[in-house]
Amino acid sequence: MEFDTITAISTPMGEGAIAIVRISGDDAYQIADSIYRGPGNKRLEDADSHTIHYGHLVNPKTEETVEEVMVSIMKGPKTFTREDVVEINCHGGIVSVNRVLQLVLSRGARLAEPGEFTKRAFLNGRIDLSQAEAVMDLIRAKTDKAMNVALGQMEGRLSQLIRRLRQEILQTLAQVEVNIDYPEYDDVEEMTHRLFLEKAYFVKTEIEKILNTSEQGKILRDGLSTVIIGRPNVGKSSLLNSLVHENKAIVTDIPGTTRDVIEEYVNVRGVPLKLVDTAGIRETEDIVERIGVERSRAVLKEADLILLVLNNSAELTHEDELLFEAIEGMDVIVIINKTDLPRKIDLDQVKQIGAKQIVSTSLLEDQGIDDLEEAIASLFFKGSLELGDLTYVSNARHIALLGQALQAIESSIEAIEAGIPIDLVQIDFTKAWELLGEIIGESVQDGLINQLFSQFCLGK
Ligand code: GDP
Ligand code: ZN
């Protein structure tokens with residue numbers, strides 16, 4: 001394919017020891033050579049591919065030195081974009097990296113649009129669409145596990161699964177054609193129905209399996225939205241502090257990728273918790289009392305997990321009851337705090353009121369945090385899921401398409417069972433095949449592709 005040569009800053013803006021300006025396209029080498037001055041008048045065009053070179057960048061009009069650099073050169077097609085790629089490593093900092101970028105632009109490269117490098121990798125056939133999207137997820141990955149999911153997807157695990165399913169569907173459609181065209185038996189109609197039904201159930205089960213991972217996948221990617229509630233003085237702020245201090249706050253720092261704005265996340269045994277930031281927590285304190293049960297219910301509905309804190313050394317109050325009412329039906333862990341003080345709370349009453357998971361803590365004495373973390377992790381993984389075994393689907397577009405494909409298959413099952421003519425069943429099967437194809441970009445229109453890639457960070 002014919003493309004012009006593009007460039008962008010590929011590392012986070014702002015501080016950072018090193019910044020990278022990436023160039024991709026036919027003119028990448030020539031542009032780099034025109035501004036690079038290495039020891040012994042070395043020319044990058046003559047050097048081996050996939051090597052790195054120390055030197056200086058100059059303004060070719062004046063031969064004035066602009067930057068001290070390391071330049072990586074990579075001949076296509078063994079590159080991220082499959083094109084010739086040059087990466088200029090320069091000092092971090094907005095001024096110096098921008099100077100390098102301007103210099104490259106002045107030599108004829110065009111500023112890349114957001115996601116354009118990845119888009120080229122896709123258009124040049126190096127990766128499929130779900131892999132391209134995984135690149136974006138990778139950039140946003142907030143824990144090691146989330147990163148593994150994205151990596152797995154990038155390596156094509158989801159793609160492989162989808163391809164297998166499409167193959168099954170296609171084979172079934174082909175087999176049905178054969179049955180219709182060359183009826184060797186009298187009961188072709190019945191045979192075809194049976195074949196369709198068997199395959200439809202198989203595909204349905206497989207899609208459901210993938211979709212079942214979507215909740216975990218989404219949480220791994222976005223974090224488990226967690227709200228701490230409780231009456232004043234029970235220890236909510238103390239809990240927040242313990243969780244933040246006992247666990248590494250999550251910072252995304254993948255070399256060579258753009259760091260997006262990070263919210264307050266903590267990694268609890270591989271589960272990323274998105275704790276409402278401290279200011280937010282303060283605002284939601286005493287939320288029931290302040291804004292009433294109805295509205296607080298609406299606020300709390302957004303949460304994936306509620307940590308309800310009760311005071312061990314006080315009896316349950318009407319306010320506690322209101323809190324329980326407000327969070328009915330949600331994933332809740334009840335924390336009975338201040339166990340270092342004499343017990344006044346009635347545990348049976350707490351259970352009666354609807355607490356299923358109860359953990360006792362003394363945040364003052366640093367007791368019980370382990371148990372709490374255990375409870376959070378087992379709630380999330382439901383005790384049965386082994387991360388790594390599964391391909392998690394976490395991308396909203398993939399989930400929507402899988403849901404639609406599932407619908408098409410389900411409607412084919414209904415049709416078969418109602419004895420509806422085969423050609424209608426074929427339509428449903430074909431539709432499912434197409435929808436699954438959209439996930440890996442095999443039947444996607446250009447407009448959608450452009451929209452997808454424009455969501456990427458600049459420089460990717
Ligand atoms: P919040 O109003 O719910 O956020 O409660 P805080 O976390 O601000 O705690 C209120 C008070 O209870 C503070 O003085 C804490 O030091 C104290 N506190 C928190 N946890 C414990 C505990 O486990 N035992 C005891 N004795 N005091 C605690
Ligand atoms: Zn507080």
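Just so you know, glycine gets a Cβ as well, placed from its N, Cα and C.
What TrEMBL says about a protein is an automatic prediction, not a curated fact.
Under the heading (6S)-5-formyl-5,6,7,8-tetrahydrofolate binding site, TrEMBL lists Arg22, Glu87, Arg126, Lys460. Less than 8 angstroms from the CB of Arg126 ((6S)-5-formyl-5,6,7,8-tetrahydrofolate binding site) sit Pro77, Phe80, Thr81, Arg82, each of them six or more residues away in the same chain.
Marked as domain 'TrmE-type G' by TrEMBL: 223-381.
With a 10 A radius on its CB, Asn233 (GTP binding site) counts 13 other CB atoms from all the protein chains. According to DSSP, Asn233 (GTP binding site) sits in a coil region rather than a helix or strand. Annotation source TrEMBL lists GTP binding site at 233-238, 252-258, 277-280.
Look at TrEMBL and you will find Asn233, Thr252, Ile254, Thr257 tagged as K(+) binding site.
A simple way to gauge crowding: the CB of Ser237 (Mg(2+) binding site) has 16 other CB atoms within 10 angstroms, across all the protein chains here. What TrEMBL records for Ser237, Thr258 is Mg(2+) binding site.
For the pair Lys236 (GTP binding site) and Arg22 ((6S)-5-formyl-5,6,7,8-tetrahydrofolate binding site), the C-alpha distance works out to 47 angstrom.
The two recorded residues Arg22 ((6S)-5-formyl-5,6,7,8-tetrahydrofolate binding site) and Ser237 (Mg(2+) binding site) have their Cα atoms spaced 45 Å from each other.
Reported as a whole number, the C-alpha separation between Asn233 (GTP binding site) and Glu87 ((6S)-5-formyl-5,6,7,8-tetrahydrofolate binding site) equals 55 Å. Checking the binding-site residues Arg126, Asn233, Lys236 against ligand 1, the ones whose Cβ sits under 6 Å from it are Asn233, Lys236.
Within 10 Å of the Cβ of Lys236 (GTP binding site) there are 25 other Cβ atoms, across all protein chains. With a cut-off of under 6 Å between the Cβ and any atom of ligand 2, the binding-site residues Arg22, Arg126, Asn233, Lys236, Ser237 reduce to Lys236, Ser237.
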